Amino acid sequence: MSQRPSVIRQTIITPIVLIVALLIMAALSYQFGSRAFNRTVVEMFINIMVVVGLYVFVGNSGLLSFGHISFMCLGAYMTAWLTIPPVMKSITLKGLPAWLLHTQLPMWVATPISGLIAALFALIVGRVIMRLSGIAASIATFGLLGVINNVYSNWDSVTGGQGSIVGIPPTMNVWTGWIGGAVAIAIAYLYSISRSGLALRATRDEAVAASASGIDIVRERLIAFVVSAFIIGLAGALYAHFLSIVNPGAFYLRTTFITLSMLVVGGMYSLSGAVSGVVAISVLIELFRNLEKGISLGGHTVGLPNGVQEIAIGIITIAILMYLPTGLTRNQEFSWRRWPLQRRLTPPVQTALKELH
């Protein structure tokens, strides 16, 4: 008999703690933060959505994906096409279909549509990619990233090419960002306790035993791939409204590197790790960003060279992989029992297979 209610009682604290913690951050930022600080917090919330989306697939399947930022690109451009005034689209995006050229929707309608489009695309390409395993699957996702970037960089009449699309309504604030982060965490948690989530974690840790138990590995991977694409598509849409402009360069290697580093630093096999990694790396990025601008010491301005933040993140990621491969949270979740760093790790495959049967 399934003990799913028991699992829910033991794990429900995880999303509650994370969402409340983000709520406190949003409230403090709104009440005391400057405009620049608020923008930093909003960007952190969007990154939380992206990394939580990555966790849904990478953390549960064990397959490293380099292509999920392509779903962010799809979501960003879709919301741009849906929310930019028709007059502007008729001038800069003449290749759009007539129905899309003359459509203008509010952000709260365009954003979920953008997530669904990203999920639909993931469903189509995932039916092929999810049949691969190991490094082959990772390389395939990297190829997907390259394809999407090149298409959007050269489809001038529809995407504006390598230039920027402007005119996206700037409707983002800390509360919208918090709602986005909370929705992402809730979806990721619900997926993790679902039968599909348990099945996928079983395939991650012991593929042979899971397959012998009747689990369809390709199907379970595809479900996670689609769910993660939906979350990251939502993040892309909110990011477009955050910047008010989009261009393909914003959704390529740099963003891929930073978001994967956030996941690795926090702990890629836990939801708490995904969120913790974003917060930790966001603080470091902001610190090095200010140091690059320079600080005044005795009448002289001393600053670090540009690009130091990427170098620092790379070094930190390597150090984590070498000395703390399970991340800051050691792949543990916040639970009723004990602080995650104090609990011993129970092999996920045992829990997953036990819950499935």
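Start at 1 and count along the chain as shown; that gives each residue its number.
Any Cβ shown, glycine's included, is placed from N, Cα and C.
Lifted from TrEMBL, the feature list:
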TRANSMEM  12-30  transmembrane segment
TRANSMEM  36-58  transmembrane segment
TRANSMEM  65-85  transmembrane segment
TRANSMEM  105-125  transmembrane segment
TRANSMEM  132-152  transmembrane segment
TRANSMEM  172-191  transmembrane segment
TRANSMEM  222-243  transmembrane segment
TRANSMEM  311-328  transmembrane segment
Q. Does the transmembrane segment (65-85) reach the transmembrane segment (222-243), going by 3 or more CB pairs under 8 Å (6 or more apart in sequence)?
A. yes
Q: Mind pulling out the one from 12-30, 36-58, 132-152, 172-191 with the most Cβ pairs under 8 angstroms to the transmembrane segment (222-243)?
A: 36-58
Q | Tertiary contacts of the transmembrane segment (36-58) (same chain, 6+ residues out, Cβ under 8 Å) | A | 22, 25-26, 29-30, 64-65, 68-69, 71-72, 172-174, 176-178, 180-181, 183-185, 187-188, 191-192, 221, 224-225, 227-232, 234-235, 238-239, 242, 255, 258-260, 262-263, 266, 268, 270-271, 273-275, 277-279, 282, 286
Q | the transmembrane segment (12-30) and the transmembrane segment (172-191) contact flag, 3+ Cβ pairs under 8 angstroms | A | yes
Q.
Below 8 angstroms Cβ to Cβ, which residues of this chain, lying six or more residues outside the transmembrane segment (105-125), approach it?
A. 71-72, 74-76, 78-79, 82-83, 144, 169, 171, 222, 225-234, 236-238, 241
